[in-house]
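K.L.:
Starting off with a structure, shown below.
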Amino acid sequence: MTDWSAVPKAEIHLHLEGALESELLVELAQRNGVPLPSYDPAVLDARYRFGDLQDFLDVYFVNLAVMRTEQDFHDLAALYLRRAREAGVVRAESFFNPMVHVRAGVPLEAVMHGYAGAFADARRDGLSCALVLDFTRDLGAEAADEMLTAVAPYRDLIIGVGLDSTEIGYPPSLFRDVFARAAANGLHRTCHAGEEGDAEYVRQALDDLGVERVDHGLRAMEDPELVRRLADEQIAVNVCPLSNVALRAVDRMEVHPVFAMLEAGIRVTVSSDDPAYFGGQVDANFAALEQVGATEEQLAAIVANSFAAAWVDDAERAELEVRSAAPAG
Ligand code: HPA
Ligand SMILES: [Zn+2]
């Protein structure tokens with residue numbers, strides 16, 4: 001079996017709020033006087049068994065009540081960025097979602113400065129990294145639009161936008177105007193679609209939001225015409241195998257659609273989604289695919305796709321590819 005932590009890669013589907021490991025969760029709860037059901041990280045981890053996406057989101061949002069100050073956001077991002085480097089990540093494009101925090105009374109400035117400070121530190125240490133603003137789709141398009149306006153003073157700290165949280169009932173088309181405004185501001189676009197929603201959600205992400213990438217995209221495989229289109233247009237589909245099994249979007253790793261996606265010529269990438277909840281960092285996601293029979297060639301293609309799909313300019317992409325081709329060490 002390959003040591004995936006030694007293979008340089010880009011991780012482009014990762015929620016910083018989903019990197020809140022139980023040890024840090026307990027530390028922040030104690031720091032800020034926020035009650036938890038247990039203060040034993042092992043007990044908290046043992047509760048992470050989910051029936052579906054909503055089941056997970058219910059726990060995830062409750063836990064986020066511990067995040068209060070700029071230092072908290074800095075600590076969370078620094079933890080993720082350290083874990084990512086340990087997992088072989090050389091380019092990190094990370095979702096953050098300020099909506100839950102701001103609604104809990106945290107100043108947007110604390111969120112932005114905390115995350116951006118940790119990202120600046122990592123950049124100084126040689127990691128290529130950037131922040132992607134995610135909107136909570138079940139809060140609706142107006143709230144997303146308000147957040148896009150609110151982050152205007154921090155425009156230089158973000159490179160793109162995405163859409164997360166409860167999928168069914170909140171199709172991408174609802175967010176057409178806010179994504180158009182983001183594009184007009186020079187922001188890249190991606191969207192969670194096809195995790196639980198059907199192929200129509202993925203089609204809308206392409207047609208109505210103009211996304212360059214799709215997060216999860218699993219149910220696109222139910223529509224052969226859409227599969228051809230994803231392949232023809234080389235839209236990156238950012239799958240998260242351990243997440244998909246943990247949230248039962250996929251029955252078993254052996255039948256993960258990633259294999260059919262590769263077969264169809266889709267630009268598949270692999271990321272960890274919410275590593276504190278789903279059992280591992282991006283290296284563990286590669287290992288999980290290898291364990292069920294993904295070939296060396298398939299996994300190498302996924303690594304190459306991660307750089308092809310990254311939101312970097314040609315010069316930086318070339319530099320990342322050279323670094324990844326050099327022997328580890
Ligand atoms: O996988 C996810 N899907 C939707 N929303 C999310 N928020 C964090 N992770 C996810
Ligand atoms: Zn996600």
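Cβ coordinates come from backbone N, Cα and C, glycine included.
According to TrEMBL, the record shows the following:
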DOMAIN    8-320  domain 'Adenosine deaminase'
BINDING   His13, His15, His192, Asp273  Zn(2+) binding site
ACT_SITE  Glu195  active site, proton donor
SITE      His216  site 'Important for catalytic activity'
BINDING   Asp274  substrate binding site
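Describe the structural context of each listed feature in the structure shown, including burial, neighbouring residues and relevant distances.
P.N.:
Long-range Cβ neighbours of His192 (Zn(2+) binding site) (same chain, at least 6 residues apart, Cβ-Cβ under 8 Å): Arg137, Gly162, Leu163, Asp164, Ser165, Glu167, Asp215, His216. Secondary structure at His192 (Zn(2+) binding site), taken from DSSP and collapsed to helix, strand or coil, is strand.
The number of other Cβ atoms within 10 Å of the Cβ belonging to Glu195 (active site, proton donor), over all protein chains shown, comes to 26.
Secondary structure at His216 (site 'Important for catalytic activity'), as computed by DSSP, is strand. The 10 Å shell around the Cβ of His216 (site 'Important for catalytic activity') contains 29 further Cβ atoms across the protein chains shown.
Reduced to three states, the DSSP call for Asp274 (substrate binding site) is coil.
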K.L.:
Would you find the one among the binding-site residues Asp273, Asp274 whose Cβ has the most company, meaning other Cβ atoms within 10 Å?
P.N.:
Asp273
K.L.:
Provide, as an integer number of angstrom, the distance between the C-alpha atoms of Asp273 (Zn(2+) binding site) and Glu195 (active site, proton donor).
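P.N.:
That comes out at 12 Å between the alpha carbons.
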K.L.:
Taking the Cβ of His15 (Zn(2+) binding site) as reference, which residues of that chain separated by at least 6 in sequence fall under 8 Å from it?
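P.N.:
Ser94, Phe95, Phe96, Asn97, Asp134, Asp164, Asp273, Asp274 - these are the non-local Cβ neighbours of His15 (Zn(2+) binding site), listed in sequence order.
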K.L.:
Once near-sequence residues are set aside, which residues in the chain of His13 (Zn(2+) binding site), 6 or more away, have Cβ atoms under 8 Å from its Cβ?
P.N.:
Phe95, Asp215, His216, Asn238, Val239, Cys240, Thr269, Ser271, Ser272, Asp273
K.L.:
List, in residue order, those recorded positions out of Glu195, His216, Asp273, Asp274 with a Cβ under 6 Å from any atom belonging to ligand 2.
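P.N.:
Listed by sequence, the hits are Asp273.
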